[in-house]
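J.: So TrEMBL has the following annotated:
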- 33-153: domain 'Response regulatory' (DOMAIN)
- 84: 4-aspartylphosphate (MOD_RES)
């Protein structure tokens with residue numbers, strides 16, 4: 001069994017002989033199956049070897065900040081994250097919350113693990129807006145870890161799909177708040193002002209035409225129009241250009257508001273669909289008595305495909 005306490009790795013080594021002295025991989029693969037965030041170097045090394053024996057590509061980091069830096073620079077996000085709760089610096093719960101709040105990483109499945117399932121830890125977990133895909137309590141057997149990882153990577157278990165939908169719902173709700181905030185911050189376009197400005201432009205344009213005609217007559221008669229007339233024409237042209245810019249700005253503003261309203265409508269429909277799928281899943285999970293990722297499910301492929309459609313979107 002895998003135990004976080006130093007000196008208690010014998011059972012693990014008996015199950016997987018030859019794990020002594022295993023080092024973390026030095027290379028940085030383009031595609032990673034599992035990102036391991038574990039404060040104990042020996043544990044990271046052992047977990048990495050267990051997963052790699054199952055042909056899973058894994059990389060490990062000591063704390064949440066290092067893992068975040070790696071995510072920022074990775075060519076592609078990992079398919080799943082395995083993170084300990086008790087990390088040096090940025091804790092596991094805080095790291096998980098940062099993932100949920102990220103537009104890039106919110107959809108990554110997360111398994112949390114702990115050797116201290118204290119009331120405080122459980123309270124922090126229950127306060128999360130979306131529970132992790134699984135909570136592994138140390139010590140745990142390597143075969144259990146592999147089973148959980150493989151189930152999550154397949155993404156065809158009702159609980160995996162439920163967590164994905166819950167994460168997508170959180171992201172969609174965040175988008176809705178952003179759109180509404182943008183709509184509130186933007187002053188509404190005043191249609192009446194635009195119409196008045198257009199009316200003023202018509203009047204000023206007619207006046208400009210009249211002044212230009214007067215100038216042409218002056219040139220024909222005197223061959224030297226007054227500077228005052230030229231200044232009037234120039235000033236009027238400047239005023240017309242300013243009013244046209246005002247109209248364009250308000251029209252662009254109105255278009256932007258319409259686009260945000262359409263976007264809000266689409267996002268609202270997406271949220272309704274996600275809620276409908278979550279309701280279906282919750283009923284199925286309760287009916288089948290599915291307790292965790294190791295519980296079998298009788299859900300058909302067609303239903304699973306519908307529930308999982310749009311995965312990672314929203």
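Placement of Cβ uses the backbone N, Cα and C atoms for every residue, glycine included.
Automated prediction, rather than curation, is the source of TrEMBL annotations.
Explain the structural surroundings of these features, please.
T.: Cβ contacts within 10 Å of residue 84 (4-aspartylphosphate), excluding its own Cβ and spanning all protein chains shown: 27.
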J.: Per DSSP, what is the residue count of the domain 'Response regulatory' (33-153) in each of helix, strand and coil?
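T.: DSSP classes over the domain 'Response regulatory' (33-153) add up to 52 helix, 23 strand, 46 coil.
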